[in-house]
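In TrEMBL this protein carries:
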- B:Thr97, B:Ser98, B:Phe129, B:Pro130, B:Thr131, B:Asp132, B:Asp201, B:His204, B:Tyr226, B:Trp256: pyridoxal 5'-phosphate binding site (BINDING)
- B:Lys227: N6-(pyridoxal phosphate)lysine (MOD_RES)
Number of protein chains: 2
Amino acid sequence: MNNREDCVAADRQDPLAHFKDRFDLPAGVLYMDGNSLGVLPRTAAGRAAQVISQEWGNGLIRSWNSAGWFDLPARLGDKLGGLLGAKAGELVVTDTTSLNIFKALAAALKIQQDRHPTRRIILSERDNFPTDLYMVQGLIDLLQQGYEMRLADDDLPLEQALDETVAVVLLSHVNYRSGAMHDMAAVTNQAHACGALTLWDLAHSAGAVPVDLSAAGADFAVGCTYKYLNGGPGSPAFIWVAPQHVKDFQQPLSGWWGHQRPFDMATRYEPAQGIRRYMCGSQPMVSLALVECGLDIALEAGTSAVRQKSLALGDLFIRLVEQRCGGHPLELATPCEHSRRGSHVSFLHPEGYAVMQALIARGVIGDYREPQILRFGLTPLYFGYADLWDAVEILKEVLDSKAWDKPEFKQRNAVT
Amino acid sequence: MNNREDCVAADRQDPLAHFKDRFDLPAGVLYMDGNSLGVLPRTAAGRAAQVISQEWGNGLIRSWNSAGWFDLPARLGDKLGGLLGAKAGELVVTDTTSLNIFKALAAALKIQQDRHPTRRIILSERDNFPTDLYMVQGLIDLLQQGYEMRLADDDLPLEQALDETVAVVLLSHVNYRSGAMHDMAAVTNQAHACGALTLWDLAHSAGAVPVDLSAAGADFAVGCTYKYLNGGPGSPAFIWVAPQHVKDFQQPLSGWWGHQRPFDMATRYEPAQGIRRYMCGSQPMVSLALVECGLDIALEAGTSAVRQKSLALGDLFIRLVEQRCGGHPLELATPCEHSRRGSHVSFLHPEGYAVMQALIARGVIGDYREPQILRFGLTPLYFGYADLWDAVEILKEVLDSKAWDKPEFKQRNAVT
């Protein structure tokens, strides 16, 4: 594809092209930030109206039974599990990614206390998403049991950092900044060979890249539903636990919804037999219900077709930016190799923040991450080849004209 | 008021009567479960449509700044704080009540480690809401530092249970079962005299009874927004911390939103200077935004008028039930004394579950709580004196005719 016409032709051949109609996209926008917040499924407004007017307004408290509120986290979990190589009854949609990391990590450390009681290292990566590291720190500080976080980085590669002092390995499957993807099965095997358990953060994977938790032999996974799954702003997250760990899974955020018989109103906590034990308190039903709208589209499209187009978009984006913006100080931060790439592409630019603001002002919405990173999400369900061509043309224009070099684009927003 | 006409006349005099029009109430229902799930404000559907179509659909990621998503938990917190005797910047709407208990309790224990390092008792009540006790147990089991939960009950009254081994007192201001209310200032004083800190659960207080956290000298408070505040099913909860504790407030659920500079993407967690440090991960924006609809109504009505009517309704309900259903094995479980009563009234009945199901089948929606408790919520914003008269008549009919004595009413639902 070397001109816009080629891209238009590719869109015409694209078996996923028709999914764009399932979403309400704003006019005049080329949206390349679906890796941060997904777009609005056309069914969401109607579903919200139904939950609000019928289930809440009319059903009121009866909807816990009649509208299936009590079963909703598990029912959505079963659907989502189908995208991630999990069986029914293994995954639940609840709380936030941060909280689910806390639960899974605490449970994993407890399991390791029996298996390898002296291990005190939680291994992650320096460039993992900060909240993952913050949750580790919060748990370590709380426990005061000598746990330490070890961070793999350029000086200490992951394989080298992984040794027999490691209790748990916490990794993002796809890196939020670079878009680099781990080989989940290979890393899990390495970890298991050392006696470590694995906790995978699938925030940038779910709905974007093929994931098979069972085949990879993973131990625990968490992730979010508001990025590639288009669940809505801050929609509840998910947690998965491998079947062999369920019985030993003890998590400290032991609220009423995780109780075996919550309506006995017993004073002693007794964890539910199954996945409800990963839950804690009451869930925000309107936001939770909306998760299903995006999820149904993802299930219909299938991960394989999405992945194929995502890689084709990524290859094209890298090639076009390098060809058409070659004279500018852009440095590719994302692996080219398909097996190592997620579904966004990042470039470093010394004035990355201002460049992104100038792009957004022209309707190309990506985002900026410290330091210097321009992130461009590739979302095959609603982003096409001609969209990509147009976005690169606008990037070229912004760079060629130095349109970014204005005070208003250098002024930081509260949320970047 | 000794007949329905008196009640109709009282409704005509009621300065809060017009607030009923602010809500969408289902036809044919006398709703007495607003203490469990509040009703639907008429503005909620429109607000949801706005958040979904404009903020999410059109604004997309830009809405974190342009629609004020990032500031919403604190902005709602300021409004809610006005109802609870808190100043602006002291309270934040976020996460769930259970999680906020975990945060506040962990932070309180940490503060006490400096002040009274040997104290290991967390004092609560045996009939406190179970999730409160479960969260205490989860934290104790996680810490493995010798903490124990002590439960006050009939055999061990609270005043006796409170001694100089107690680090933190965790109490529900209004009991979920009996509707009994503590004197927050008096108990806080007693606790402070022993060197203990207080954590108040306001789930059944916020929007229902007068609360002045500052005047009471309380240390920490949490509560929910989906009961008397009509925030919607599972709407986010709140947490308040007394100003003198903010600087020392270290909570273990240290997610990105609680970071001082979340968009620096630093690897080390650094708690925000103010109330954002009580937050953890991404909040469910649609459910969160809806909190404002009910909150605005509560602020407009004012706690004082609500309290006055709530007590009048409670007095009338107790009197009418005792007069008209006197021959049946009903036992009042709620204190008559105004200063000791919240905003629901409970009666014990040996067949409480079936009686409540029969009531619900006739449109009188209260709820049942183990053991034997029929709960009737009194919600002055949308429940009137004639409603109350009608509800008692239906209760009388159910009891007189033994309408509850049917298999379908004894069959337990998943959620009771």
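Quick reminder: no glycine exception, Cβ is built from N, Cα and C everywhere.
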Here the 10 Å Cβ neighbour count for B:Phe129 (pyridoxal 5'-phosphate binding site) comes out at 22
Alpha-carbon distance [B:Lys227 (N6-(pyridoxal phosphate)lysine); B:Asp201 (pyridoxal 5'-phosphate binding site)] in Å: 13
In which DSSP state, out of helix, strand and coil, do we find B:Tyr226 (pyridoxal 5'-phosphate binding site)? coil
Taking each of B:Thr97, B:Asp201, B:Lys227 in turn, which of these recorded positions have a Cβ less than 8 Å away from a Cβ in chain A? B:Thr97
Counting every protein chain present, what is the number of Cβ atoms, excluding its own, within 10 Å of the Cβ of B:Asp201 (pyridoxal 5'-phosphate binding site)? 28
Whole-number Å value of the largest CA-CA distance among B:Thr97, B:Ser98, B:Phe129, B:Pro130, B:Thr131, B:Asp132, B:Asp201, B:His204, B:Tyr226, B:Trp256, listed as pyridoxal 5'-phosphate-binding: 30
Validating a neighbour-count step here. Other CB atoms within 10 A of the CB of B:Lys227 (N6-(pyridoxal phosphate)lysine): how many? 28
Residues near B:Tyr226 (pyridoxal 5'-phosphate binding site) in space but at least six apart in sequence (CB under 8 A): B:Leu37, B:Gly38, B:Gly232, B:Pro233, B:Gly234, B:Ser235
Roughly how many Å separate the Cα of B:Thr131 (pyridoxal 5'-phosphate binding site) from that of the residue listed as 'N6-(pyridoxal phosphate)lysine', to the nearest whole number? 16
What are the non-local neighbours of B:Thr97 (pyridoxal 5'-phosphate binding site), defined as same-chain residues 6+ apart in sequence with CB under 8 A from its CB? B:Thr131, B:Asp201, B:Ala203, B:Val222, B:Gly223, B:Cys224, B:Ala237
